[in-house]
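Have a look at the structure below before the remarks.
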Amino acid sequence: MRVLVVSDALVKQRAEIMKKVIEQQRMIAEKMKKVRYKLVILSGKGGVGKSFVTASLAMALAMKGRRVAVFDADVHGPSIPKMLGVHGKRMYALPDGRLLPVEGPLGVKVVSIDFLLESEEQAVIWRGPLKTAAIRELLAYTDWGELDYLLVDLPPGTGDEQLTIAQLIPGLSGTIIVTIPSDVARIVVKKAITFAKRLNIPIVGVIENMSYFECPDGSRHYIFGKGAGRRIAEEMGVPFLGEIPIDPRISKANDEGKPFFVEYPDSSAAKAFLEIAERVIERVEGKGEGRSESQAKE
């Protein structure tokens, strides 16, 4: 019979790791006390424009007077910095170990693994435990300051990053699920909704991206089908927050690293995001447009 012998050094090493993890979790809990509402943005599959929706919603909320930050938790494919026009910038570390977020348009704060990579070609080849550790450390050491909203942009699916965020951030205010008007996305969206319900995360609602193309004459063409997002929301008993139209300038702005919401504020898509932001405020804060509590105190 083989006897497993664990050295004192290994036991001590594991104890130190656990001590560090517990301390980081405590730091996260303390920092999150300064954030009024924490929302996670989910999608059941890739290619639905989830990160674009996250970036644009963040700016729409900022336009309505809210203090907003975005945490890009997509370790393998961080794209939030480019969509918010801050790609290539760096987070700064203070002598006491705190990390300062990068400030984007309209004062939106941004934190992403992208800011820590040496080049945009650098691949992050990490397994689950390393991804969890990276997310935990970024949340723990970032000086978020006082916020009305923290939006967490997650990768597609319901894997390591999603579970990590659900476990690390106390008192999540809810999740927003992004889909496209296609019945193909129906099953995976339902999985995302089921995931949120099983973890007792309130569902703020469903946003349908790429809903239709609007011609100059005002006519609408439903290229990918019509109403799938609304049908899914109704079937699952969750709110439907709105539709985002197709605009070729979205792709152009993203490729050029220019925030679409800022470049084309009068576009139908930008106006749709402002309407959706108002619905999010109503759902999360329980009130319509107006000043947040933090603003009212000023």
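The backbone N, Cα and C atoms fix where each Cβ goes, and this holds for glycine too.
Taken verbatim from TrEMBL:
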| type | residues | note |
| --- | --- | --- |
| BINDING | Gly44, Lys45, Gly46, Gly47, Val48, Gly49, Lys50, Ser51 | ATP binding site |
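Compared over the binding-site residues Lys45, Lys50, the count of CB atoms lying within 10 A of a residue's CB peaks at Lys50. Annotation for the binding-site residues Gly44, Gly46, Gly49: lowest Cβ count within 10 Å of the residue's own Cβ, Gly46.
Within 10 Å of the C-beta atom of Gly47 (ATP binding site) sit 11 other C-beta atoms, taking all shown protein chains into account. Taking all protein chains in view, 24 other C-beta atoms sit within 10 angstroms of the C-beta of Val48 (ATP binding site). Taking all protein chains in view, 25 other C-beta atoms sit within 10 angstroms of the C-beta of Ser51 (ATP binding site).
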